[in-house]
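Accompanying notes for the structure given below.
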């Protein structure tokens, strides 16, 4: 574990020591090497706990795909941010890359923490570099409001989690995730169970986010720079689902999961309907993330092996798809200086090659067979139907609405006549094509062999 964690930490001082003209090239090459090193976790799933574990950190079949996803997107974030940072002085470029590297290090440690208290500390620590990226390198004046929303929603909902972890540690004299799965939990009365469950789960449900406590997400996405949007959509939202899966053994079953699952499945429809009338492209993709995370929240709360497998598959698939969509949206924003869908029409005439990547991203977002998104969604829908047949009404309706707004987004941005302001749009650059190819390659490889992350 340390042979990958220590080089990841060394990315932070590397950002300050590398020459200015080699800064982005060296950091991208270094992070791509880290990505290749991390791929070894895919090939030894049954040996992960023996080979890559110690007293404080461990990797298993749940955390390995998410850690690899974060490493896979690290070089893509650096490449995508080059145009955004082009006019910045050297010190600010270094500060940005240091923040990205610090966030990556904290994410890897959070996803491999073996101890509840350590997990909580690292879970909250990821907030700091993300907040700095949004508030410092965001492009609009409202970024400070977005940062405030992000801070208060995430931090205030996490304080009960700390109290719950200390209470459980006091009860069991142990806070190790692996030990808690083996110990028989102490029996409490129903009120204590409900309060404990709420304290443990609220922090993760806000982070996902669950529909109803999702208002911070569209603001954060819209105001964040491209690297912030990519890491937020691809990995930070997945910490919520990962946290629920990890904390499940500590909680005795409670009736509170019924209204929560109802809210999550209802949110799939509501966010889909919101997406149908959104004019801001980044806000549309952000609301799409809320709908997909509703499926993941439902699956993780049911707590069956089939639903957990489906949740991990959908988290990885959605991480790649939403990251690709945000990159495409950023490419249009850099050329048109607007996020309004109506002002982006006719891009197929100006950027014909990018239209094919828009089609791939839109079709994977609506879970076209045989993509990896479909496998995850079908698994989750099946387990939800077995748990309660009524849920098929909401999940099927949500899937239909997702297909409508995904195709509407594609048609609005690509077809039609170019606006007068868009006549001078330049075609895709090599670095942008590289980002698209790497995203599409990961989606296609996982579609071919989804056993890698099951």
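A Cβ is built for glycine as well, from the same backbone N, Cα and C atoms used for every other residue.
Curation plays no part in TrEMBL annotations; they are all automatic predictions.
Secondary structure counts, DSSP: the domain 'NADH:ubiquinone oxidoreductase chain 4 N-terminal' (1-110) has 84 helix, 1 strand, 25 coil. If you look up TrEMBL, you'll see 1-110 marked as domain 'NADH:ubiquinone oxidoreductase chain 4 N-terminal'.
The domain 'NADH:quinone oxidoreductase/Mrp antiporter transmembrane' annotation in TrEMBL covers 113-402.
Positions annotated as transmembrane segment by TrEMBL: 21-42 (among others).
Per TrEMBL, the feature transmembrane segment maps to 62-83 (among others).
Under the heading transmembrane segment, TrEMBL lists 95-113 (among others).
Annotation source TrEMBL lists transmembrane segment at 119-138 (among others).
Marked as transmembrane segment by TrEMBL: 150-168 (among others).
What TrEMBL lists as transmembrane segment is 195-217 (among others). Counting residues 6+ beyond its ends, the transmembrane segment (195-217) has Cβ neighbours under 8 Å at 123, 146, 149-150, 152-154, 157-158, 160-161, 163-165, 167-168, 188, 232, 236-237, 239-241, 243-244, 247, 250-252, 254, 256-257, 260, 263-264, 266-268, 270-271, 286, 289-291, 293-294, 296-297 in the same chain.
Summarising the annotation, TrEMBL assigns transmembrane segment to 224-245 (among others). Panel annotation: around the transmembrane segment (224-245), residues 62-63, 66, 69-70, 73, 76-78, 80-81, 84, 96, 100, 103, 107, 110-111, 119, 123, 126, 130, 133-134, 137-139, 143, 146, 201, 203-209, 217, 282, 285-286, 289, 293, 296-297, 300-301, 308, 311-312, 315, 318-320, 322-323, 326-327, 330 of the same chain, lying at least six beyond its termini, place a Cβ under 8 Å from a Cβ of the stretch.
Residues or ranges marked as transmembrane segment in TrEMBL: 257-276 (among others). Within the chain carrying the transmembrane segment (257-276), a Cβ under 8 angstroms from the stretch's Cβ atoms is held by residues 197, 201, 205, 210-212, 214, 284, 287-288, 290-291, 294-295, 297-298, 301-302, 384, 391, 394-395, 397-398, 401-402, 404-405, 408-409, all 6 or more beyond its ends.
For 283-306 (among others), the entry in TrEMBL reads transmembrane segment. Cβ atoms under 8 Å from those of the transmembrane segment (283-306) belong to residues 205, 208-211, 214, 217-218, 221-222, 233, 237, 240-241, 244-245, 248, 257, 260-261, 264-265, 267-268, 271-272, 274-275, 314-315, 318, 322, 325-326, 329, 339, 341, 365, 377, 379-384, 387, 391, 395, 398, 402, 405-406, 409 of the same chain, restricted to positions at least 6 beyond its ends.
Residues or ranges marked as transmembrane segment by TrEMBL: 312-333 (among others).
Look at TrEMBL and you will find 354-375 (among others) tagged as transmembrane segment. Residues 288, 310, 313-314, 316-318, 320-322, 324-325, 328, 331, 347-348, 399, 402-403, 406-407, 409-410, 413-414, 428, 432, 436, 439-440, 443, 446-447, 450 of the same chain, all 6+ positions outside the transmembrane segment (354-375), place their C-beta atoms under 8 angstroms from a C-beta of that stretch.
Per TrEMBL, transmembrane segment is recorded for 387-407 (among others).
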Practice task
Over the domain 'NADH:ubiquinone oxidoreductase chain 4 N-terminal' (1-110), work out the mean pLDDT and round it to an integer.
Solution key: 89
Problem - Touch test for the transmembrane segment (62-83) and the transmembrane segment (312-333), at least 3 Cβ pairs under 8 Å - result: yes
